[in-house]
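Trainee: These came from TrEMBL, pasted as-is:
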- 1-46: region 'Disordered' (REGION)
- Cys263, Cys308, His309: Zn(2+) binding site (BINDING)
Amino acid sequence: MGNGGGGNKKGRRDSPSPPAATCCRSLTPASPKGSSAPRSGSRTRARRQVTDYTLYTGALGTALLLFKSFQVTGNRADLALAGDIVKECDAASRGLPFLTFICGRAGVCALGAVIAKHCNDQLLLTHYLSSFDEIIVTEKVPNELLYGRAGYLWACLFLNTHLGEKTIPHEHITSVAKDIIDEGRKLAKKGNCPLMYEWHGKKYWGAAHGLAGIMHVLMHTELKLDEKDDVKNTLLYMIRNRYPTGNYPSSEGSESDRLVHWCHGAPGVALTLAKAYQVFHDEHFKQTAAEAAEVVWNRGLLKRVGICHGVSGNAYVFLSLYRLTGNVEYLYRAKAFACFLLEKADQLIADGAMHGGDHPFSLFEGRAGVAYLLLDMVSPSESKFPAYEL
């Protein structure tokens, strides 16, 4: 595969694009049967019935995409529509036990609070923060990113990043991080890795359910020296036990060198190793992140388009390495993947050569993820994998 072309390093826009609100309505849940559309010129928006409120495959992913568009274009119509969608997600998720940013109530409240802040709506901001405070992390909660403590902790960090470091108290963040460390140490007593976790009976390594995702979130918190050592040595354990090809097992002991996804395999690990270099300042982590990126370049042009296990998510590996190293080759590779999606994916999906995703308009499995990537390509130096990089 050749380079994806040159271009301005800052990814400068040559001409303004229409607001995402004009092209994202197909990504919002359909109106319930029997509902009437607002009159022409009415300021009242039609209410949308949300059945899947999650960021992963549901309406909240559309809201995050619109918020991203607002950040890139400054168009407040996108911000307003994002806020409307979050309100419906708020109603749909109220009282449910799921607590993470990607698949739970914490994502609704955290994104809602940030959008309310940008809308200068103090009352709504207070509502979302109060609702966030009501989320309870029980002892039975797993530790992984999509459904567990790490996913809740990421929501706390997201709030502090966007609203100020004291929004969620430091003591609360360190307490949750300590619980994750303690749980990892308990299971690790049975093996050679300092920290280990299970989800549905398997010891996963990837970003979605396993070590890569949990370590990535922990590295954004203030850890004690012994805790930092355990995180670092867990990553070194993963590096020592990767496949000869440079790819990473999906779970402890797996011999199937097959998956090159953000959720399982080298892509998610590469993002985590890039963060590890920033935290530990160890050249070994930068080198192994680059080696994982080579796996993604050679094997990461997948048959799906999405962020979780598709081409869009794999493109973020190159954006992350570009930000880390300044090496323009990584930017060219990100552009190559993005151009492939932009120019080839629709026809390949129509021909049956690619799969549009089980939820084809969603953020993590479908075209909304492609749109998010393309928005990030406007300013690659400011790009971030949604709901993973801060």
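Positions of Cβ are set from backbone N, Cα and C atoms, glycine also.
Context for these features, please: burial, neighbours, distances.
Mentor: Neighbour list (Cys308 (Zn(2+) binding site), Cβ cut-off 8 Å, at least 6 residues apart, same chain): Tyr56, Ala208, His261, Trp262, Cys263, Phe364, Glu365, Gly369.
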Trainee: Ten-angstrom check, please: count other Cβ atoms within 10 Å of the Cβ of His309 (Zn(2+) binding site), all chains counted.
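Mentor: Other Cβ atoms within 10 Å of His309 (Zn(2+) binding site): 26.
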Trainee: Given the Zn(2+) site residues Cys263, Cys308, His309, which other residues of that chain have a Cβ within 8 Å of the mean position of their Cβ atoms, reported in sequence order?
Mentor: Ala208, His261, Trp262, His264, Gly306, Ile307, Gly310, Gly313, Phe364, Glu365
